[in-house]
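Per TrEMBL, the features are as follows:
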type: SIGNAL; residues: 1-18; note: signal peptide
type: DOMAIN; residues: 50-241; note: domain 'Aminopeptidase N-like N-terminal'
type: DOMAIN; residues: 272-492; note: domain 'Peptidase M1 membrane alanine aminopeptidase'
type: BINDING; residues: 347, 351, 370; note: Zn(2+) binding site
type: ACT_SITE; residues: 348; note: active site, proton acceptor
type: SITE; residues: 433; note: site 'Transition state stabilizer'
type: DOMAIN; residues: 569-873; note: domain 'ERAP1-like C-terminal'
């Protein structure tokens, strides 16, 4: 049975470029393991400073003599000096490698240095080598290691991957060293402040090719039938930026840029090649430091890797990507996927300066790498793709996106102490990425783009080949802006959260106050304040001014003559400032009236998006009543632009999870009503060459929400299109319609339709198409079909990198929740084995608990966890109990607001019904009059 038309978790986030923790970098595990050593013990001291590594690696993809398949032999020669007298211990990192022999020598004459027995700390990954006498300063020493490592399949360190040719596995090896995984490939000083040069040699099978950060300078045949590829010395860089690939790959190359891919994907590399060429040139010009200024960087390669834990990685000169983030073909990829590819390429290319050339000193200031890369992900891409309105997208996707996490008491400041590998992984989140970029945008508008650009040019030149701290950036900004830039920017980096600014009108103007915005606790006593960038508008022309006045006080008065005569007073032009705004009732009424007037009263499209996002979140926080917020937001019926609708989709997605289960039907009717005019505007049709990119994205969201919530017109058009494709697979659906078409095909279709789409998944050569199909399969409502998808997730049919993605699409579908719970309670061991631990089982249950709406659903999970506490272990079990607590919190929220939200929905639906009856009555009267006149 397929169920009713109500579909309460619309996947409206389809058009949001996803956050770093699910696309650009791996996310931290849901279960935080308490450190088992003193925090400082996870860090290396600076007694020893390495200068160079010579590394020779021999990977094995099958059993070979005494070597096991999926292992590698390594030889590492590290040159170093001591930085102070009386150094008697050398302490460095290694992990998951077996050292078979090691030597300590003077570099000048290879004489042995007397030493004691090494020791290893499994918790901190530290290898300690004692020496019998203090090492001399200003003398080069060498540590030589012979070792064996594992080509694991967990997408970290030096790891194995595969692709298939005619159903046969073709193995390959690649690397992912950020943040703390270089130590799995060779013993090293695995912290970003230790910059050294590297020279790599790969002993590869004859049928393979090898690639690294720099070009091959020598190829030598070996006696065992292998070839040794020796690569040029790298510039001085951090260990996490070293990379190598051993694969039977081909290269699409010109103008100093090359795309590496499996041979079957070569025809998908032209767009990324051209984008890479253009972006490398334009960003280098913008920064006034061409990529070729680094002598060792004579070319750049970008590689598509079939299994990749992050979305992409900025290894200097050898960028690595998930296939879906670099391989593109117009007839099989959506417009949004094209933008995604260009934006991710821009992000990684920006890292060649912000991260590679200039590297954060330690991960506590990760934002110095990732904030800049996220900024250029939008504004760098805009240098090449000028018609995508990326500046508009940035505000809703990045600024409004990070406000969700940063409004929780569990957030952290951008600059934040971290020590353990788990803590380091965790700081690669939307605070470091989004908030970092948002803060940079605020500074740009404060001092002007020209001064901002000049400051960054100076910063890059001064810190080239060095580590950096925030004060180094502040100095450059102060010099080109003014001495107060640091005073403005630094509080945003060292204080968690952001303010709610309240605007109260009076006879002579407006008073503003600020208070930290905590969405779940506005009754707090936190007295934190921020330097506020204040701009305001009361007519259309005012919104163009984004250069703010900085307010450093908790309260402030804006004097205005005759404020009661203004049509409205709106703070934070184009939402440059990182704060929310609440107004008094009179001003909210004026804003509401303006939104319903011609051209929305001249209110800028970004401020309309700001108003939408603020209202949803002010209502969540209890600052504004839900019915008052929804009444203003009802203007969306006439909204025609993508940014406000995207803000609405994000807010409605959260709200839909808190609608009482008995009110779901009327909420669905309201959604169809709210989107009806937009549906008529975008129509169920393929995009034209003349329409704007944002209009295409608007169509995707509107069709998806309209179909998900039961629009008969939308559902029929989408299913008819799916049937046409099913009957003639050569006649494909337009890529920009596939998401909604595949979804309706599975939702309304038969088992035959499901099997057909699954066959397309298994046979397609396009990673982007696989993602679209997984989205469609996530719309299944039948238990057996849902179990089939879950079986695929726990098998090799869905690649490791895509397992969480496939599960997340199922979670967006409320019809799956009971079936997902049953599956996980039945096959929890299989799930743990497929995902690596019971922590992942706990994470899956918590994702279900966050979406469940009845106590019966919750109790099934809670009682199951209690019966299996010993199996799960303390950390995973406690995580599920925490999820249960969150469930009760969510239920309390639902029950608290149900009456008000339900009352609004009843009123809105009644108004629509009344309008419909009036329209029918008028049409009937006209028909009668026409009949009488005939």
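Even glycines carry a Cβ here, placed using N, Cα and C.
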Fewest Cβ neighbours within 10 Å, where candidates are the recorded positions 348, 370: 348
Residue 347 (Zn(2+) binding site) to residue 433 (site 'Transition state stabilizer') - Cα separation in whole Å: 11
Inter-residue Cα distance where the pair is residue 348 (active site, proton acceptor) and residue 370 (Zn(2+) binding site), in Å: 10
C-alpha spacing of residue 433 (site 'Transition state stabilizer') relative to residue 351 (Zn(2+) binding site), in angstrom: 12
Packing count at residue 347 (Zn(2+) binding site) (other Cβ atoms within 10 Å of its Cβ): 30
Distance from residue 348 (active site, proton acceptor) back to residue 433 (site 'Transition state stabilizer'), taken between C-alpha atoms, in Å: 13
CB contacts for residue 433 (site 'Transition state stabilizer') [other CB atoms within 10 A, all chains]: 29
